[in-house]
Protein chains: 2
Amino acid sequence: MDNLQHFRRTDYCGTFTAANVGQEISVCGWVQRQRNLGSLIFVDLRDRTGLLQLAFDDSTPRDLFEKAASLRGEYVIAAKGLVRERESKNPELPTGDIEVKVTELRLLAKAATPPFEIVEHSDVRDAVRLKYRYLDLRRPDMQRTIALRHKIVKICRDYFDENGFLEIETPILTKSTPEGARDYLVPSRVHPGKFYALPQSPQQYKQLLMLSGFDRYFQIARCFRDEDLRADRQPEFTQIDLEMSFLDEEQIQTIQEGFLQRVFQEVLGVEVQTPFQRMPWREAMDRFGSDKPDLRFGFELKDISDLVKDCGFGVFADAVKGGGSVRLINVDGHAKDFPRKKIDKLGEFVKTYQAKGLAWARLLDGKVTSSYQKFLTEEENAAILARAGAKDGDLVLIVGDTKDEVVFAALGALRLECAKQLDILDPKEFRFLWVTEFPMFEWSEEEGRYQAMHHPFTAPMLEDEDKMLTDKANCRARAYDIVLNGTELGGGSIRINTPEMQTKAFEALGISDEDIQERFGHLVNAFQYGAPPHGGLAYGLDRLVMLMTGASSIRDVIAFPKVQNASDLMMNCPDVVDEKQLDDLSIAVTRVEEEPAEEE
Amino acid sequence: MDNLQHFRRTDYCGTFTAANVGQEISVCGWVQRQRNLGSLIFVDLRDRTGLLQLAFDDSTPRDLFEKAASLRGEYVIAAKGLVRERESKNPELPTGDIEVKVTELRLLAKAATPPFEIVEHSDVRDAVRLKYRYLDLRRPDMQRTIALRHKIVKICRDYFDENGFLEIETPILTKSTPEGARDYLVPSRVHPGKFYALPQSPQQYKQLLMLSGFDRYFQIARCFRDEDLRADRQPEFTQIDLEMSFLDEEQIQTIQEGFLQRVFQEVLGVEVQTPFQRMPWREAMDRFGSDKPDLRFGFELKDISDLVKDCGFGVFADAVKGGGSVRLINVDGHAKDFPRKKIDKLGEFVKTYQAKGLAWARLLDGKVTSSYQKFLTEEENAAILARAGAKDGDLVLIVGDTKDEVVFAALGALRLECAKQLDILDPKEFRFLWVTEFPMFEWSEEEGRYQAMHHPFTAPMLEDEDKMLTDKANCRARAYDIVLNGTELGGGSIRINTPEMQTKAFEALGISDEDIQERFGHLVNAFQYGAPPHGGLAYGLDRLVMLMTGASSIRDVIAFPKVQNASDLMMNCPDVVDEKQLDDLSIAVTRVEEEPAEEE
């Protein structure tokens, strides 16, 4: 413990250069390593800006030299000394031309040997990294990522502030929302038997703020979903949440384009062109088999249902007759990159998307080999290749199914898989796209009814309003997603702003009047008092940061993430609690985890 | 529903002036009121910037005029028209020189009659305001407050960003923290029988971030305490949370002074002088009876224990002999403002602070009347008035008790109460103060042991390190509070940064080794790996906004606050949930609220 008056830091380690030679400076940080060459000791001192070499030599007083000799990795020290030119310069290091001839040294804290070395791109396994997250975060790449996240968020706040948005905080202790996922619940002590829910998004609050006349709202909002975690999900995640009044889709999208342009410019130095391309959902599905197409490459889908619906190949004909389709992609110019074995593996790949199999035609050296041609007529075969635009050197991959969704899912994923295997995706290319005109409803096999594709507050397209109750399959919503390189960065919509239309939307979803009042009463009632036309958007901040930093896991862009089973390995939580706490909350545990519980 | 292309807003209502006369504009907003004078209709249109008058007259087409005639309060409309000079100007309104001769009008949403009028400073009762919060927020004063809160937060982020702080998000789903208040718990679905806790503050995370080398951290952090609510408390509240490495108290405080100076300058146009005054806790108690003294006025405390310890007045003598003290304030110059009746009421007032009574001396028109003088000698009486510095026109108020805390609490509150009754507190004067050298420990009657006054991570003062185990009553901490006009805006400390000292601090608090490992294991273990000297601070954002806006309730500075019983009247939460949800979480309700529960 020390008041540090004497060692007030001149500046961070990484900021010194040859221009500082001759100056007396004070620096603080962690010992990256200490090299004792007998009559010379070098210490690499690390702080959040980089490394700086400290030097001790013949002319160093004995006790100071011994102090330096006692330093170990990760010790925390403060040092004072003279900046001088190095004898052997290190061109790899920004401070590699200089070193500090130390005249005073203070040991601020010792350190045990860490469980892994504090270096860039550690290959330590995740469980260890996360248990010792405070050490993992010392690594330069993690430091850079967290600093970059700060910068992205700062630019976001600056931009929206400059554009008249007010940041308004909405509650975390709130009511169950209908986003479809499971809620995290918080038992109320004051109201036994009642619960708060953590918000899945501030959706209803932000709409109420529009009704209040705030006109432009934004918030970097924490959201919660108690879902089974996939690799790119966290139980709590952060959303850039926006809502605007009196604007239409195009105006809302233009504001967002300005934001993305700025953040890519200022953070990555990448010039993004605006306006972004726009594509109706239908077109995205037809051409790319995906509502978030990666536009950095071709291999577009073509429908050949009309060509094969009466053909002799049952797999094709039955798919079409069963109400589905047969479609293909042409991996043009890459037949030679996919020998039979690789094609077989692609066949396995599409099966994970429920496709029953993969048909293919390979055009190489003037010959066509194919898995299906023997079942078809020459004309049919030729028509398919013509539709594919196939020429020598191309590979045509075909999927048919009685369900269109399966065809799209399989070919959409296959298209990406081929691109990945071919390594043709340029990580420095950023292709933004607005996907628009989403379906208002989607059929849920599980529930046996139509559900809201976006959420029940989304407005239908003007020309489709009549279809809300009568032709749900073809009713389109004023919803839009912003997609970057095949990733959905965010999505939003124009909202319903009259109680009549909102009631109709609930009706279309089969929600009873009673349920409406119970679950959405506050919102429907509020809409009676004059709701402006409004719409908004929410970005997944974690995903945006991932894309901008090139991180491969969402865990790498969050300071203190949770693992797949939603636990925090560093804090050891969730954890058991005292009986008294539960009793105060009027709840009891009905089941305990099977692992040996750490009861107090 | 409308795509609004035709009515794209030229600008907000409040932005137009005589300079726009002759221009065609589009505006949108809410009808504040409609006045139909037969051949003329005026509509005051409101948006977040103010009001603008729309005019319809003889030359208005019939159907448009009738549309205008049908408008009611709070209808949402868009209008297009020509800006022209008004016939009768309204100097009270920024846009009072002009009006818009409307040529096109679109009704965007109707509105039912709101339960209260949307005007400044409504006197509607809180329960109604909060149930219809979305309407309450339309009121101009609420709009201003929320906009100002945004501005304060924006300046905060700008300032700390410019000063090298990184905003880093810490988890909301975390582990029980030891701040002393009750935790909100969140049952885990994946780990039956285990719970997350919502953070009372990000204290441990921010210390771990210092250990990670981030050096300067800040966050506008949501915090949660399940306490019985007082008027100025909310179950969730917002903290400006900061932590820094390698700095001492003075450097940390200087950074904060820069922030407060800037936010007061930019938001209120108030020039705050730095450095702020600093005062040890002991002095603050002795002079003002409070650890958050309001320095805008005098009436300082004086100790007269030495003068009365052997006097004939038992109330005084017994207080001193019982280990307490007798102290006074001189409400100088205000004897005439406090006739006997008012003094009697002050006597009642101090009893609410556990004082047994109030002794007083009133010096008016050359005479001294007093409640106690007959029990004392002439010399004793004279000595007391001399110590008080009392002259003709003064009022001396005395409290004695065997417990110093009672004397301080009563006189500290009495001092403020007198100032309030005299109305001598200038709301435009801002007196900042650092209170320093807080006691490390305070005795808890309830628990029968010493507790941490700040929190168990606070470092002792260098010169008091030895007293941690042996002389707890006199061990001072490196803690500091920032006080403004009698309100604690925030507080912080230099933290312990070695495992040895941290273990000693836990020991001093009587926390067992087992408990240390169970509750703070992650932190104590982390400190083995080289923790830099560090310290920080947290401001109560809600309180700062209250002080800067002059709001009288914390509810007025939060968009969606909760009421005293921790419920949200607008959302109707907390609420009952489905049995299935509870079953998924492996919990059961053991008691239900007595009120007629709204079971589904």
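Note that the numbers count up from 1, one per residue, in the order the chain is shown.
Each Cβ is built from the backbone N, Cα and C atoms, and glycine gets one as well.
Copied from TrEMBL, the annotated features are:
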DOMAIN    B:148-561  domain 'Aminoacyl-transfer RNA synthetases class-II family profile'
BINDING   B:GLU179, B:ARG225, B:HIS454, B:ARG495  L-aspartate binding site
REGION    B:203-206  region 'Aspartate'
BINDING   B:ARG225, B:ASP226, B:GLU227, B:GLN234, B:GLU488, B:GLY540, B:LEU541, B:ASP542, B:ARG543  ATP binding site
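When the C-alpha distances from B:ARG495 (L-aspartate binding site) to the binding-site residues B:GLU227, B:LEU541, B:ARG543 are tabulated, the minimum falls on B:LEU541. Taking the Cβ of B:GLU227 (ATP binding site) as centre and 10 Å as the limit, one finds 15 other Cβ atoms among all the protein chains shown. The CA atom of B:ARG543 (ATP binding site) is located 16 Å away from the CA atom of B:ARG225 (L-aspartate binding site).
The 10 Å shell around the Cβ of B:ARG543 (ATP binding site) contains 20 further Cβ atoms across the protein chains shown. The secondary structure of B:GLU227 (ATP binding site), as reduced to three states from DSSP, is coil rather than helix or strand. Residue counts for the region 'Aspartate' (B:203-206) under DSSP, split into helix (H, G, I), strand (E, B) and coil, are 4 helix, 0 strand, 0 coil. A distance of 13 Å separates the Cα atom of B:GLU488 (ATP binding site) from that of B:HIS454 (L-aspartate binding site).
In this structure the C-alpha atoms belonging to B:GLU227 (ATP binding site) and B:HIS454 (L-aspartate binding site) are separated by 18 Å.
The binding-site residues under consideration are B:HIS454, B:GLU488. Their Cβ neighbour counts within 10 Å are lowest for B:GLU488. With the fewest other C-beta atoms within 10 Å around its C-beta, B:ARG225 stands out among the binding-site residues B:ARG225, B:ARG495.
Under 8 Å, Cβ to Cβ, and six or more positions away along its own chain, B:LEU541 (ATP binding site) finds B:ARG149, B:ILE152, B:VAL153, B:ILE220, B:PHE237, B:THR238, B:GLN239, B:ILE240. A mean pLDDT of 94 is what the model gives for the region 'Aspartate' (B:203-206).
DSSP gives B:ARG495 (L-aspartate binding site) a strand state.
If you compare every pair of Cα atoms in B:ARG225, B:ASP226, B:GLU227, B:GLN234, B:GLU488, B:GLY540, B:LEU541, B:ASP542, B:ARG543, the residues listed for ATP, the longest distance is 21 angstrom.
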